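Heads up, the thing below is written out as structure tokens.
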Amino acid sequence: MRKTLTSIRFLSDGIRVKDKWNSLISDLVVEPTNSTGPLSGTTYIVKDNIATSHGYTTAASKILSNYESPFNATIIDLLSSNGSKLIGKSNLDEFGMGSANYNSYFNKVTNPYDNTKVPGGSSGGSAASVAGKMCSFSIGTDTGGSVRLPASYCNVFGFKPTYGRISRWGVIPYAQTLDTVGIIGENVNIIKRVYDVLNKYDDKDPTCLPEEVRQKIPTTKKETLTIGVPHEFVLKELSADVRESWEYALSKTCKLGHLVKPISIKTIKKALPSYYTLATAEAASNLSRYDGIRYGYNTNELVNSPIELIATNRSDGFGSEVQRRILLGNYTLSSDSGDHYLRATQIREELCAEFSSIFNNSHVLLQDEQSSDKVDLIMAPTSTSTAPTWDEFVSANEKNFLNSYVNDVLTVPASLAGIPAISVPVNGIGIQLMGQFGDDDLVLQLADQI
């Protein structure tokens, strides 16, 4: 086990310190720069694809296993200046690619809620650290459900804010038009407190919403809400216990005085293939920077040319799932398949427009189309089933790796549309609330009620 003044490394042989779930990659303590802020007295763990100037930033990959960032991500400085203490960096699927926290160079994460089952991914370590009561809250990233799915499996709250609300500067990109910093906590109160601290414009992030846009975002202020239930989410693959928890949450919502109505968002059916076309294409581009020459893992083998060294470094440094997605992305971007990418962007635009038209509030960046099915929020399950056991997951993945991709079918639509969504634990099963672009506070408001 290698030690530094600031961190303790957990090597891939399974050595752990104070962490029986392997939820951490490095264990460190960074005191806040302000001890009297709104988050004073809290501790947090951050996903290890977010840069910190203390310790390592690995993205759970061999190719970055020795990388030390010279700077903090914007969100790290915000949390520190508002009173929260950083106590560790969490395990994840390598570069955020996975739905079980199985694809990590530092070994898999187990689920504190049920250690026979997968914790979900890619922010499995972040969810496990909260479920295991190791910290007050944790920070993850959500590209296609990577905060909400593990929150559902680990029986905690997982919030993906509106795309652009929270700065991505210092986040190692997987798919930059989808990556969103998310918050995991045991209750909505701590998530809201953290969100209020991080919901700031950052001029270092070109995708961060400017102040003039933030001020124009309409807010919903009403006691009786209308909740939409898209029939496209009523899948035959939904397990009986997921259906039961969904029905229970809808029933409780009605008892609170809110209205529930069926709606239709037809483009949802095309969301999953569109997502994997776009995400892998962006990943192939983003990960092309890792060659092991300037920084990161280097095999130090004697080879005939620099190109051969780069190929060796990347082949040895990336895990199998990351290599698969790079290949898929490069194929999508090739001249023979460019039409697939263009069609995926069109589907995304259609989905954004259709989501926007369904909400009572207007979309600050789009001209809404008219719809007769106006609602304030949407409710749906986070996953089609409860967390599978490790044996079930490994067996299904060995038969067909696409099985793990299907886990994102209920979370991907909100990611493509860039809208806020939260997974709420209802009888041990995650139920998802989604709102209009920018209407994050309303999503958190109803999540706190149910």
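Placement of Cβ uses the backbone N, Cα and C atoms for every residue, glycine included.
Swiss-Prot lists Lys47, Ser122 with the feature active site, charge relay system, giving sequence analysis as the kind of evidence. For Ser146, the entry in Swiss-Prot reads active site, acyl-ester intermediate, with the evidence type sequence analysis.
The separation of Ser146 (active site, acyl-ester intermediate) from Lys47 (active site, charge relay system), Cα to Cα, is 11 Å. Long-range Cβ contacts of the residue listed as 'active site, acyl-ester intermediate' within its own chain (separation 6+, distance under 8 Å): Asp93, Gly96, Ser99, Gly121, Ser122, Ser123, Gly140, Gly182. For Ser122 (active site, charge relay system), other Cβ atoms within 10 Å of its Cβ number 35. According to DSSP, Lys47 (active site, charge relay system) is assigned to a strand segment. All protein chains included, Lys47 (active site, charge relay system) registers 31 other Cβ atoms within 10 Å of its own Cβ.
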